[in-house]
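Enquirer: Relevant sequence annotations retrieved from Swiss-Prot are reproduced here:
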| type | residues | note |
| --- | --- | --- |
| BINDING | 135-196 | ATP binding site |
| BINDING | Glu286, Asn288 | Mg(2+) binding site |
| DOMAIN | 109-316 | domain 'ATP-grasp' |
Amino acid sequence: MKLLVIGSGGREHALAWKLAHSRRVSEIIVAPGNAGTATETKCRNAPVKVTDLDGLLALAQREAVNITVVGPEVPLVAGIVDCFRAAGMRIFGPTAAAAQLEGSKAYAKDFLARHGIPTARYAVHTNVDAAISDVRQQGAPIVIKADGLAAGKGVIVAMTVTEAEAAIRDMLSGNAFGHAGARVVIEEYLDGEEASFISMVDGTHALPMATSQDHKRVSDGDIGPNTGGMGAYSPAPIITDEIHARVMREIVNPTVTGMIADGTPFMGFLYAGLMIDVHGAPKVIEFNVRFGDPETQPMMMRLQSDLLDLIEAALNGDLDKVQAQWDPRPSLGVVMAARPYPKAPITGEIISGLDALPANVKVFHAGTALDAAGCVVTAGGRVLCVTALGSNVSEAQRHAYAGVASLHWANAFQRSDIGWRAIMREHTVTLNVHGPV
């Protein structure tokens, strides 16, 4: 079977890598791909941009692709699933209408409110003065979100009213996010711990994937601006069995039935970004309509089932008949980025050490390319995700950072504390069992 994976990030490298494990897969085309997918077993790249829907469809038809899997949100919101389906091509992902769950934060908040799904209080504004008046009335901390797609960087957690006002002006007047910032969502600040809850959905049924937790802020200690994600681990210990059942009952299943009721049934990967409060009550912070990045990388390290089997079950409406099997060991991924990300990064620098990695480490490429001499060079802000399994999160972290230590380029940087919340929990459990040391 021949597959097409659309995208060029670490998520797409991880999806292609896992799909290549299927005995039924003969070849995977990754469009446009990166230096990692260019050399991955069974994979080859095709130089077609994710925004070129006609070009991607022509590629799939020319190559007689059996199934297409879409990685990033941009082509989904643009309607690539509608485009492929109209041409009779099998593709896994939501329609443009269903993808508005991520494409518009205002749409998502209205959907949540309409269907009684727990989320933060909110208001939507297009006028600067009205938005600022709202913020002054509510006070800080408060959350300001650009309505549209902003590559994971359109959320400002303002700790002061002054900071909130500046964010509003940047989005509505300063054009900081272009059309994506033409509307803003002002949200109640929620206390608690975040987690990523991703499910496969076939339109009617939802199959939960492994839980995970990412690290949005650029610097250690969860400080600095938001990024697309600086690392992740799976599973997320905050999601206990009880909370897992509650998320399915109160959030995931009502979302699936709500989309059906609204006439926009959802098929694809449904990502619920959650805040879990001290009482274990989950609320939706955001929806994404695709696998998370970098959550995909540690999740694919743990997935023991054939991913193609799961995707085919979803396409056939049979997710209620399958289960996903997971390695019980945790996995952790550390993103290596290029300075000064999340600002425009320095690119074109040769990466060394890729041929000398520890055996228990897998490196998923994101912002990489091959230069004229065949060397792997930096080509984006988030460059690599160094991923490893371990008997616990502490061990997975040690393995991943051992891999990081063997990789080098001039302007590389990474956080040094990926997994800190889970590791703190492990240490607490050890102290409770053995007493103070």
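Including glycine, each Cβ sits where the backbone N, Cα and C put it.
On this model, are these features tucked inside or out on the surface, and what's nearby?
Expert: In the three-state DSSP scheme, Arg183 (ATP binding site) falls into the coil class. Of all Cβ atoms in the shown protein chains, 20 besides its own fall within 10 Å of the Cβ of Arg183 (ATP binding site).
In the three-state DSSP classification, Glu286 (Mg(2+) binding site) falls within a strand.
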Enquirer: Tell me, how many other CB atoms lie within 10 A of the CB of Asp191 (ATP binding site), whichever protein chain they belong to?
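Expert: Within a 10 Å radius of the Cβ of Asp191 (ATP binding site) lie 8 other Cβ atoms.
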Enquirer: Inside 10 Å of the Cβ of Val143 (ATP binding site), count up the other Cβ atoms and send me the figure.
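Expert: Around the Cβ of Val143 (ATP binding site), 20 other Cβ atoms lie within 10 Å.
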Enquirer: What's the most sparsely packed of the binding-site residues Val135, Met159, Ala167, counting other C-beta atoms within 10 A?
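Expert: Relative to the other binding-site residues in Val135, Met159, Ala167, Met159 has the fewest Cβ atoms within 10 Å.
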Enquirer: Between the Cα atoms of Met159 (ATP binding site) and Glu286 (Mg(2+) binding site), what distance do you get, rounded to the nearest Å?
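Expert: The separation of the Cα atoms works out to 20 Å.
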Enquirer: List every residue in the same chain as Asn288 (Mg(2+) binding site), at least 6 positions away in sequence, whose Cβ is under 8 Å from its Cβ.
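Expert: Looking at Cβ-Cβ distances below 8 Å from Asn288 (Mg(2+) binding site), excluding near sequence neighbours, one finds Glu73, Leu101, Glu102, Leu270, Tyr271, Gly273.
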Enquirer: Over the domain 'ATP-grasp' (109-316), what is the model's mean pLDDT?
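Expert: Computed over the domain 'ATP-grasp' (109-316), the mean pLDDT is 94 on the 0 to 100 scale.
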Enquirer: Validating a neighbour-count step here. Other CB atoms within 10 A of the CB of Glu286 (Mg(2+) binding site): how many?
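Expert: Its Cβ shell of radius 10 Å holds 21 other Cβ atoms.
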